[in-house]
Amino acid sequence: MLTKFETKSNRVKGLSFHTKRPWILASLHSGVIQLWDYRMGTLIDRFDEHDGPVRGVHFHKSQPLFVSGGPKFKFREASPGLSDTRFWWVGPCIRGLLIKGDDYKIKVWNYKLHRCLFTLLGHLDYIRTVQFHHEYPWIVSASDDQTIRIWNWQSRTCISVLTGHNHYVMCASFHPKEDLVVSASLDQTVRVWDIGALRKKTVSPADDILRLSQMNTDLFGGVDAVVKYVLEGHDRGVNWAAFHPTLPLIVSGADDRQVKLWRMNDTKAWEVDTLRGHMNNVSCVMFHAKQDIIVSNSEDKSIRVWDVTKRTGVQTFRREHDRFWILASHPEMNLLAAGHDSGMIVFKLERERPAFAVSGDSLFYTKDRFLRFYEFSAQKDTQVMPIRRPGSTSLNQSPRTLSYSPTENAVLICSDVDGGSYELYFIPKDSIGRGDSLQDAKRGVGGSAVFVARNRFAVLDKSNNQVLVKNLKNEVVKKSGLPIAADAIFYAGTGNLLCRTEDRVVIFDLQQRLVLGDLQTPFVKYVVWSHDMESVALLSKHAIIIASKKLVHQCTLHETIRVKSGAWDDNGVFIYTTLNHIKYCLPNGDSGIIRTLDVPIYMTKVSGNTIFCLDRDGKNRSIVIDATEYIFKLSLMKKRYDHVMSMIRNSQLCGEAVIAYLQQKGFPDVALHFVKDERTRFNLAIESGNIQIAVASATAIDEKDYWYRLGVEALRQGNAGIVEYAYQRTKNFERLSFLYLITGNIEKLSKMMKIAEVKNDVMGQFHNALYLGDVRERVKILESVGHLPLAYITASVHGLEDVAERLAAELGDNVPTLPEGKTASFLMPRVPVICSGDWPLLRVMRGIFEGGLDNIGRGAADEEDEAADGDWGEELDMVDVDGLQNGDVTAILEDGEVAAENEEEGGWDLEDLELPPEADTPRASVNARSSVFVAPTPGMPVSQIWVQRSSLAAEHAAAGNFDTAMRLLSRQLGIKNFAPLRPMFLDLHTGSHSYLRAFSSAPVISLAVERGWNESASPNVRGPPALVYNFSQLEEKLKAGYKATTAGKFTEALRLFISILHTIPLIVVESRREVDEVKELIIIVKEYVLALQMELRRREIRDDPVRQQELAAYFTHCNLQMPHLRLALQNAMTVCFKARNLATAANFARRLLETNPTIENQARTARQVLQAAERNMTDAAQLNYDFRNPFVLCGSTYVPIYRGQKDVSCPYCTSRFVPNQEGQLCTVCDLAVVGADASGLLCSPSQIR
């Protein structure tokens, strides 16, 4: 059983597949009807208007209808010998839905409208099943009133009542082709009814009298439906009966635990055979739509599959705790569904993917027990030879993989027979096209088999985890053990195998017995190599991994629905299929949809615009696709700009997806040529720096926000004319004033001051006076608004004595005093570097996309040509307001004011800027030569080059790419806590760059500092970044830590050692020898950190002498330098001796003497302790310490982990921990997660090489 979809819910009593869409209806015992998309695994809708169990659902074949039934609980009379109560469902699948309720009603629903359309009344007891007719507007229903009714759902009337059963009718269904109905009842019979007369009467009624006679049929039955056969043979009540879709067969299942097969002809029907095996009541049984099998399920918690021809059990599927109640078969696909006590499953009985192999222009594949040959160029399909299919009684024994050797014309066919086996066939050259020669294949057992050379093939021996290399005589010539516990092998080039495990793949060289590549992946199902064997696509259930021939990862694609197949096209693009799409994947990981699919296909080859594939029936198909989109993206990626230009001119490329892609990839200038919407054109023009198109679009849009953004972009480019124009359109006077200041346009700045005066904008007027350096105007403004002290100080400081005296007289005694001994500094504006005009622009050649693609928007550009001859920005004619008083401004109008305001007296009318007409939009620059300016394409930043070339975290941090640096450290060392590394990341980034200031108005220039740079280095070859941390610094810190430890400054020593641990992940060394030294340093520092942490912890404990002794004892088992070990032993000896643990103290004294201490005081004290302890070799307290049993210390709990006990370790510092610390942050290094998977320290380019 291949489970495709599974739900968890209440007991499922009814199921129905939709014929076209990937939908299934499930009716639940709780009264809910669920509509599921089994392909996506999502719940589409739910109908919960029933009060009791819903026993059945059924889609109509062509209308958006369904029928459902949901009575409340009712206890029926049990059939003889039974004591349980059960409810059943009926029917094959079509599109529509029926409802049977506890009020004996049938309801027809429209699932699009989500409501009941109408109700059919007539049954006198609970309704068991309902089903739509495949052709006529009929519904058949079975009921506990012992009748079967046929309804016309268009006229909403009952057209026939079938009577004859004398117990509950458990199910009734139409024949898929003939005018027959089959029913099953608890009266132990199956009845077949002939409704041919009903069809004739309904389709062409003779007269109205027949219609009137229908009124009597409700009570007494009619002659338009008669019993054709009564099938007796079951010993107990029959729960289900169903027709064969094409043959004159009926299958039934009953409470006697038997499945019976019946055959019928025109005159009689008889029992063919009985299928025994179920251990409880048979709930449902049906014929498979496409295979000669019967599927049944039962309350014995099993689904059984039976062979119709051999009439034997083929396979059994069981659940642990769930009884099965209902089965449904998809009318067109090889899908089944089963409902049970806790939900439902949608499944296949066996895989449909044909085994195939492609070799050049040829395709070999298996179909219907034959090996077939297909020629792509001629599209010719021929039968080659029959292949033996094993005589097994189980499913899923069809060929799984096929491998072909073109030189020897041999094929290897693998299947799951006997737990995995292969067959080797040789194809005679004259047999293609005949297909009748039968040969004995060479067979063997193996999980996978694949050709690895001209006359050699490899067979996987899972039990011994080895590969057997065999010749064409099926003789073993070589055995090779595998580096991983592989469950499958694939071809990976001559002499190489790709070995798969659950979560990784490796490429293994059989000759040298070396691993050539290793890659972590989801479970890989299929492997597809490119034509040149340089790239490989690894297909898993929901992902595609593209890698190089050495398994260097290139990209990963994730899909929400299942990936089915794939093939490489001639351009190196991987084309693949999902359940409902054909898609592409570019080498850089970009993907997209080529077209949708009605049914899944299995791609075999891509040639130009044609995809060759096999469908689920094993038929060859060719599909023509439009490759324009992915070829366009591929050309952009490979910078084939001549192809891009050709495709833009000649192809119908359009759509928001293409525009978004071009924006994302940094080609907004190309995207401009696909866009007509002015807002989108404006955004793209701003992004690409095309100020000319941006002006045209802003003019067409004419909204304040767009003019503002245009001004920002123009200011960034130094295009003062466009900036001025944008600010004028938005009347942004403050920005205009500042623009005139920095461009040195004194004349217009003076006019801006007059405008501010007219508008009575005091602050604007003062700012403009300040920008102009006009002191008298500033004094005048301050005086006019009543700030006489400020006016006096301004006049005094700037030497305007006459004005200062006049203001002093007005102030009288309130004259402010100036600070003594202070020198005044004048607030005068700086002189601009360049006065007026645009900033100088770099002159470069036009880009590849310029000129030839500029036809779009040409009209707007032509209009701008007229204004290009002069500096139009200088023609801004302000109203001359010289001599006017503030109140006398009625002649000055603000652009856009309504005319009615002119008639009001004392109105605050403002100036007319006399701006150019809207159509006269300016050119991008005042100089005609700037029309050839195109901003140069920026080169790749050095930091990006560093990131691309390096796998060292320190160099990523130096490049400023902290995110990838953290990911590398997490993958290599299991580091999770990056807070201690933050300052070092910043130091690395700052230290690998130098910063230059060109001049005051230019931004700071950042320069990359390279490691090992000299004057003879090539300017085009970038070296790695210079790093502020190196190994020699750590050696100095280590010496300082030793010194602090010797002096007893444990806190300072611990800080130094932890600092070393935090720095090691971010240093880079050159040689392998230095790498070993770095790893050795980690071990040394780790021991000191653990020892010092324990000693500091011991000093904090005051009230627990036993724990103090234990920590002192553990301190002596850390791997310390000899002077420090002696001090630790002396310390432990002293602590234990004072606590009267004389035996333990004697052990420490003995160990101390064995080190031959150079300090006489240490040796003398140890001898004295040893002598005192020998008189009374006892311990006053029991310690958790056994010096005879080797142990390591837990870095978190500080308890011994004795040899043989389980532990976990830190992936970075290798500290050991008790198992319950797994997943916690390491307390020694404070960086990594205990027990995390990590690949190991990477600190040198030599490790990568």
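Each residue, glycine too, has its Cβ placed from N, Cα and C.
Predicted automatically and left uncurated, TrEMBL annotations should be read as such.
TrEMBL has this to say about the protein:
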type: REPEAT; residues: 120-161; note: repeat 'WD'
type: REPEAT; residues: 162-195; note: repeat 'WD'
type: REPEAT; residues: 231-272; note: repeat 'WD'
type: REPEAT; residues: 275-316; note: repeat 'WD'
type: DOMAIN; residues: 371-615; note: domain 'COPA/B second beta-propeller'
type: DOMAIN; residues: 644-803; note: domain 'COPA/B TPR'
type: DOMAIN; residues: 846-1249; note: domain 'Coatomer alpha subunit C-terminal'
type: REGION; residues: 902-922; note: region 'Disordered'
type: COMPBIAS; residues: 902-917; note: compositional bias 'Acidic residues'
Could you give the number of helix, strand and coil residues in the repeat 'WD' (120-161) as assigned by DSSP?
-> 0 helix, 24 strand, 18 coil
Same-chain Cβ contacts of the repeat 'WD' (275-316) under 8 Å, 6 or more residues past its ends?
-> 1, 82, 84, 86, 88-89, 239-245, 249, 251-255, 257-261, 322-327, 329-332, 334, 336, 338, 340, 349, 393-395
Could you pull the average pLDDT for the domain 'COPA/B second beta-propeller' (371-615)?
-> 86
Per the Cβ under 8 Å criterion, with at least 6 residues separating them from its ends, the repeat 'WD' (162-195) contacts 76-77, 79, 88-92, 128-129, 131, 133-134, 138, 140-144, 146-150, 221, 224-232, 234-243, 245-246, 250, 252, 254, 262, 264, 269
Could you count the residues of the repeat 'WD' (162-195) that DSSP puts in helix, in strand and in coil?
-> 0 helix, 20 strand, 14 coil
Summed over the repeat 'WD' (275-316), the DSSP helix, strand and coil counts are 0 helix, 25 strand, 17 coil
Of the residues in the repeat 'WD' (231-272), how many are helix, strand and coil by DSSP?
-> 0 helix, 25 strand, 17 coil
